[in-house]
Amino acid sequence: MAKQYPDDSTTLHTDAYELSMIQTYFEKGIQNKKAIFEVYFRDMPFKNGFAVFAGLEHIIHYIENLRFTDSDIDYLKENEDFSPAFLDYLRQFQFKGTVRSAVEGELVFHNEPIMQIEGPLADCQLVETAILNIVNYQTLIATKAARIRSVAGNDGILEFGTRRAQEFDAAIWGTRAAYIGGFDATSNVRAGKLFGIPISGTHAHALVQTYGNDYDAFKAYADTHRDCVFLVDTYDTIKSGVPSAIRVAKEMGDKINFQGVRIDSGDMAYLSKRVREQLDDAGFPDAKIYASNDLDEKTIMSLKMQKAKIDVWGVGTKLITAFDQPALGAVYKMVSIEDDHGQLKDTIKLSNNVEKVSTPGRKQVWRITKKADGKSEGDFVALWDEDPRNEDSLYMFHPNYTYINKTVTDFDARPVLQPIFEDGRLIYQQPDLDDIREGCQENQESLWPEYKRDLNPQKYPVDLSQKCWDNKMNLINRIHEYVKKLDFGD
Ligand SMILES: Nc1ncnc2c1ncn2[C@@H]1O[C@H](COP(=O)(O)OP(=O)(O)OP(=O)(O)O)[C@@H](O)[C@H]1O
Ligand SMILES: O=P(O)(O)OC[C@H]1O[C@H](OP(=O)(O)OP(=O)(O)O)[C@H](O)[C@@H]1O
Ligand SMILES: O=C(O)c1cccnc1
């Protein structure tokens, strides 16, 4: 039987190749060379006009606890071909990197750095896998949640996905991301405990099945709860579920707070209209109609177009699993590395696909808005030593189709990447989760409606500064020259 180890750290939550590379860096004595990596994704998730950044809370927690425990070292000793000196180095390891990041709830876009990790080469390499793991999932869910919020308007939206999520962590962190993206509450009690997210819920079909009929089940529930939402579709929504709910609500009077009923199957446009009439006619115009059953932004939009009388939407599977796009595809690329003379040299990853060529150099993303109306003109990706706030006008052009360009004046420029860790020390204080969620809504106000529509939004401009673009072209040309001169004798 394989030896058992305690699950006492997340430091080995990394791909083996990261440790293999760190081993090489260490044995060659270059583990402390200064390096800079950036995280970005290439395509907008769900073809949405914007993405909502989430994951920083978990990343901070992960980095703060980044050390190799005795059991980590024992495991590596027995399973990897590592020298005693290297194992000793890992044992002493402390993260010394500097991390800059978009903050949670910030809007982020394709082909711009959303995180930047700078520091000793080994430190930057170690955290790649976990950072991508976290950002890829949480940003995806926060974005999906924002899409659902945008069609739900001011209706209540509840996160019901835990039972369908890809295991525990996805349920917990996905719920948090959904809250950032605009959900109102979750059914996951642990997420309520850990993050202070409001918890909410109704009851399941099992309660009705236990009693064998709607009335007895609702009566029992009402006897034991103040707030009541009855699930009315177990046997027959119109003929049994709703009349039973109404009877119990009338009998209990002020003893309960009859909040409404939930429908979980059938034609929800038709049913919700009939149920609304039943509740109104019985004198319960304030009782709300909750709906659930494989909902997402498309079904919610369709139901709204059909004038369904639904007030609160419970969304599970399609939110928490990012059903229609299961991966964001964010990558972690080296943009600069110290040379043998101690100078940082920008570096690039080439590809035949122009969209896949990385953009070298340490960069900042500047969100450019017009002073007059606060609306965004686009993002301006500039080299670190540039500051558009010192300019009166800004020339912005598409990095691949340079004939698409404009000159912006009377603008404000806001840096998107914020300092989080400096030389391994946490210097960022996470805002309250409710402030993050509110900030996410406010950020969306600066976007023109053209970028926010659910279907086929306009592509938000993400432009490179002239200096950044020149730097990239120079590097591409230099590498082409170098490859041309290579002679391996064949
Ligand atoms: N009026 C409607 N317009 C568009 N979509 C709807 C409408 N009513 C329900 N839906 C959606 O259609 C799908 C119907 O699911 P399904 O075929 O499982 O039917 P069901 O009545 O829920 O059956 P079951 O009793 O097995 O749960 C769900 O995703 C639901 O949200
Ligand atoms: O449809 P989703 O968006 O994934 O939302 C969560 C679903 O989970 C519950 O169903 P389930 O059949 O698991 O249990 P139930 O007996 O309470 O209906 C609930 O009734 C929803 O239909
Ligand atoms: O509270 C509910 O109604 C609920 C919770 C989880 C999944 N589906 C429904």
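Just so it is clear, glycine is given a Cβ too, placed from its N, Cα and C backbone atoms.
Taken from TrEMBL, the feature domain 'Nicotinate phosphoribosyltransferase N-terminal' covers 12-136.
Taken from TrEMBL, the feature domain 'Nicotinate/nicotinamide phosphoribosyltransferase' covers 158-337. Computed over the domain 'Nicotinate/nicotinamide phosphoribosyltransferase' (158-337), the whole-number mean pLDDT of the model equals 98.
Marked as domain 'Nicotinate phosphoribosyltransferase C-terminal' by TrEMBL: 362-471.
Taking H, G and I as helix, E and B as strand and the rest as coil, DSSP gives the domain 'Nicotinate phosphoribosyltransferase C-terminal' (362-471) the counts 26 helix, 41 strand, 43 coil. Counting residues per DSSP class in helix, strand and coil order gives 58 helix, 21 strand, 46 coil for the domain 'Nicotinate phosphoribosyltransferase N-terminal' (12-136).
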